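Asks: Pasting in a structure now, in structure tokens, and then I'll have a few things to ask.
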Amino acid sequence: MAGAAVLRRSARRIYRHLAAAPAFSRSVLQQPKRLLSSQSSPEHGARGAVSGSELALYPPERVRNFSIIAHVDHGKSTLADRLLELTGTIQKGHGQPQYLDKLQVERERGITVKAQTATMFYRHVSASQDSDTPKYLLNLIDTPGHVDFSYEVSRSLAACQGALLVVDAAQGVQAQTIANFYLAFESNLSIIPVINKIDQPTADPDNVKDQLKRLFDIDPSEALLTSAKTGQGLEQVLPAVIERIPSPPGKCDAPVRMLLLDSYYDEYKGVICHVAIVDGALRKGDKIASAATGRAYEVLDVGIMHPELKPTGVLYTGQVGYVISGMRSTKEARIGDTLHQAKSTVEPLPGFKPAKHMVFSGLYPADGSDFEALSHAIEKLTCNDASVSITKETSNALGMGFRCGFLGLLHMDVFHQRLEQEYGAQVISTIPTVPYIFEYGDGSKVQVENPAALASNPGKRVAACWEPTVIATIIIPSEYVGPVIMLCSERRGEQLEYTFIDAQRALLKYQLPLKEIIVDFYNELKGITSGYATFDYEDSEYQQSDLVKMDILLNGQPVDAMATIVHNQKAQRVGKELVEKLKKFIERQMFEITIQAAIGSKVIARETLSAMRKNVLAKCYGGDITRKKKLLEKQKEGKKRMKRVGSVDIPQEAFHELLKVSNSK
């Protein structure tokens, strides 16, 4: 009883102390949930909550949807930061540069991988000042700049009516600048040129204006001169967006119809879809259906990205936001799908062109028992990256795995890195390959994405082979033209164009086999041009070529995961490099290991990894020599038996090193 009295007295003292504490402390105790509210956190923007009634004040004519497109490192994400600060969407000095680059891989590599959307509210200077309500709603989409993520750019542009084309004032127009311009041009977007980084000592905005005029027929007077780093000239960007980019089309009184732009998986909320409202209005509680699958859903939550998720309860015509509708499977959220009012007949929106996969690679769990975990991780990640194709496959060497199609080698690397960082998956990748077409003597054709699927000695004779090619655009300083032409010739390239952009820079266009550029072409190009080259490519036609399948054999047994298709002229060199690399990374066994590269039944390269040998004569200090011979013969027979039944473990590092085998020497 005495103990209970002490506890009661202690509790009363604590309560009196809290009662005398500041009001903030008492409010936290009385309303603990408020401490966790995202709307109270300054990192979610200065505006706080946005209501549906506020969004109703923005009809389509007061909405602008625009994207920022540029070459890598020309200042897209920094410009996006400044615009978010200028509109009060995020606080100045938020301490996180490139705010919209949210993935760990983006921050580590310094590149944008995923297109990100942010809604901003902005009062145009020419608008009347009779109300505190912002006059315009601006949806900003920051896009990647690398060629491998052009699919992200094209999907983002589908939700926009205009684009800011950002060009570095010192570097000028680069290869990806050209590619992104034509993506926007073909989408009929209004393009506003922004010459960025004018604060640099080497900036030459007049020269950049001339390049824009010569290459794109853009009036030099239309270019905006800015520095996203210092803020110089930024005050003219948003007024130009409002005045020069049209409002989104759409019918406000029609049944709701929206385009599914992107999606990602949340463990608690399920699939979160990013959508652009084309017609009508979407409200919480509405019933919607998918035009692709026919499945119906109830809208559980709807809102905008400001720049984090902000529930509004409604989205109106022309606005871009998110929808949570109880989708639990990533297969239900098909990028480019049309979501519409349930039990109504609407015409589906055009959607997107399907992604064309340029690089294929096998993906296997480092530990075979982790296959289900890897399958789960890939399913969740492909919800956020719909440009990856996934099919299950089985390898004799590596067990159950997946054959994955990517848009390029960087895309493949980023996908692997995200698997590891976001899901803790440890994977083994096989040698990347491209889709080939083989024609047999009877006229039948087959597309081969996995070299192991092509029999080394098929019953049908191979009559012809085709490989995919690309049109490569290379921009370089004029003094490096010679070495670059030599590099392209070594990679079996055909020159299509050779022009000068200005007195210092040249533009080269080549038709190159895709196989020749997917591994190390860009690194070599950067090396021979001291880092000044820029490179972009677009897929072209298939061309006939002299191709052969090369197998890697360990102790006479082919390793299907290491099979590759090479050009006949380079088979000898590539085979020699492969077996040499394998010899370095395979651990020595108690038996001898022969490593061979073979085309059909013909071995073109070989290395031998000698066996570890136990000193069986250690206890023989003398005596009859026949005793020693008997021990040696017994050891020899044992090693032969081990070689017949022994298995060779191939470390993960060996597969990684095979990716680096050069195609150029």
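Counting starts with 1 at the first residue shown.
Glycine is no exception: its Cβ is also placed from the backbone N, Cα and C atoms.
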Asks: Can you say which of 34-53, 634-653 is given as region 'Disordered' in Swiss-Prot?
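Replies: It is 34-53 that Swiss-Prot describes as region 'Disordered'.
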Asks: Would you mind checking how many other C-beta atoms are within 10 angstroms of the C-beta on Thr143 (GTP binding site)?
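Replies: There are 27 of them.
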Asks: Which whole-number mean pLDDT does the model give the domain 'tr-type G' (61-249)?
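Replies: Value for the domain 'tr-type G' (61-249), mean pLDDT as a whole number: 82.
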Asks: According to DSSP, collapsed to three classes, what secondary structure does Ile198 (GTP binding site) have?
Replies: coil
Asks: If you count CB neighbours within 10 Å, which one among the binding-site residues Ala70, Ile198 has the smallest count?
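Replies: Comparing Cβ neighbours within 10 Å for the binding-site residues Ala70, Ile198, Ile198 has the fewest.
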